[in-house]
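Engineer: Per Swiss-Prot, the feature active site, proton acceptor maps to 346. Per Swiss-Prot, the feature ATP binding site maps to 198, 216, 303, 304, 305, 306, 351, 365. The domain 'Protein kinase' annotation in Swiss-Prot covers 188-501. For 134-137, the entry in Swiss-Prot reads motif 'KxGQ motif', with the evidence type similarity to another entry. As annotated by Swiss-Prot, motif 'AAAS motif' applies to 195-198.
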């Protein structure tokens, strides 16, 4: 009897939740949209046979990229979120009734994240672009053991699955931004984008001067619907109860709101590009695209076309090359924090290209670039320095000063946090003449072992700077591990980051 009552209560919850989610369609709950992340503008070919290669790429793009209009108004986006919520809720309710009729006791998460619902969510996010895709990208850098595996599958699938604008919508955007005669400003402009991402798509083009460029075009309506889209997404994620409380979803959403608005400001991104171009102009390992201001607006950025290949798609790269790439990206990450106090925080590996001809790493997508306050940088450098020294007392005190801990946590929570901090410092510890082998590292696994306890017992969200900073660090660590790289982390840390404590 008790079991049946529990089953009926669960089904009632499913039914009520699906009705709650449908209220979005009636405008009773506000919604939100937007973001940017770029799925890189790269070319593999050399100049010889350029026309044939590019024609071949056009055909490949037609096969791999889907076209669909971007919902531009707040009402239309609200409707799409509402229909998604209703569809997921009703599908879950129907499946729940079917399972109970068979004598099974399905869990809430298994009903929400059924195969059909995973497909439904992925397809809708790809059509919506904007916030839906960006939140997916942000959360996808959480460890897969933190999130339900079905949700992690959705997030992984949506990372690079945006549809692109149909031709008519594209031409309307270009005419609005560059004028009715916009086509005369280019000697070439590929109609099919090289890539389509969360807030925009990228087209190969050529200026009348012969300069090869890429044109990054923001989807219409994405910027204006950030707040409403985020509100809708927050409601969906909260109603589904899919995320652990320790993720502090409201803080994650607030951070995403800020970053999305940054990334939708293409003039801001253009300034970030120019800043990094100046910072790295004499760096032998890096190259940054040059911005063409006369072809750049609030919603379009035109920049030089990088000729490298995504680092994870390098054909038969030697281990020496992989070590070179990994070590220099790690160096840049440390310099961004300690020296520049200004970081490109997007961890997407497709932001890094390697040019075999110039032997340089080409950097892309600066929409998520941000400054860090001097006080935060000072304390964070001290924290990691204590970690490399295995100084538990110093690491704990600095964690409280930074706001990671309140001091009121259980001893097990304090110990788990300090253990994780000291583990994070491990690659940067030891002999400066020795490299750290990421291929056999267990740092991620050991930090992962504390995640469950920390999610359950965390009393406060981490400082807002941490969301983007640790996302970048996590992405770089994973990159080095995927490359199987050996990196002189201790040497880099001592030269760039260490603070005398």
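The backbone N, Cα and C atoms fix where each Cβ goes, and this holds for glycine too.
Quick one: where do these features end up spatially?
Structural biologist: Neighbour count (other Cβ atoms within 10 Å of the Cβ, all protein chains): 25 for residue 346 (active site, proton acceptor).
Cβ neighbours of residue 304 (ATP binding site) (same chain, under 8 Å, six or more residues apart in sequence): 211, 212, 213, 214, 289, 290.
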Engineer: Find, among the binding-site residues listed as 216, 303, 351, 365, the one whose Cβ has the highest number of other Cβ atoms within 10 Å in the structure shown.
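Structural biologist: Buried the deepest by this measure is 216.
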Engineer: Need the DSSP three-state call for residue 351 (ATP binding site) to compare against my parser.
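Structural biologist: Where residue 351 (ATP binding site) sits, the three-state DSSP reduction gives helix.
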Engineer: Note down the number of other Cβ atoms within 10 Å of the Cβ of residue 306 (ATP binding site), including every protein chain shown.
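Structural biologist: By my count, 21.
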Engineer: Could you break down the residues of the motif 'AAAS motif' (195-198) into DSSP helix, strand and coil, giving a count for each?
Structural biologist: 0 helix, 2 strand, 2 coil
Engineer: Within 10 Å of the Cβ of residue 305 (ATP binding site), how many other Cβ atoms are there?
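Structural biologist: Its Cβ shell of radius 10 Å holds 20 other Cβ atoms.
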Engineer: Assuming the binding residues for ATP are exactly those in the record, 198, 216, 303, 304, 305, 306, 351, 365, what is the maximum CA-CA distance in angstrom, rounded?
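Structural biologist: Answer in Å: the longest Cα-Cα distance is 21.
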Engineer: Just checking the binding-site residues 198, 216, 303, 305, 306, 365: which sit within 10 A of residue 346 (active site, proton acceptor), CA to CA?
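Structural biologist: Among 198, 216, 303, 305, 306, 365, the ones whose Cα sits within 10 Å of that of residue 346 (active site, proton acceptor) are 365.
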Engineer: On the 0 to 100 scale, where does the mean pLDDT of the domain 'Protein kinase' (188-501) fall?
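Structural biologist: PLDDT averaged over the stretch: 89.
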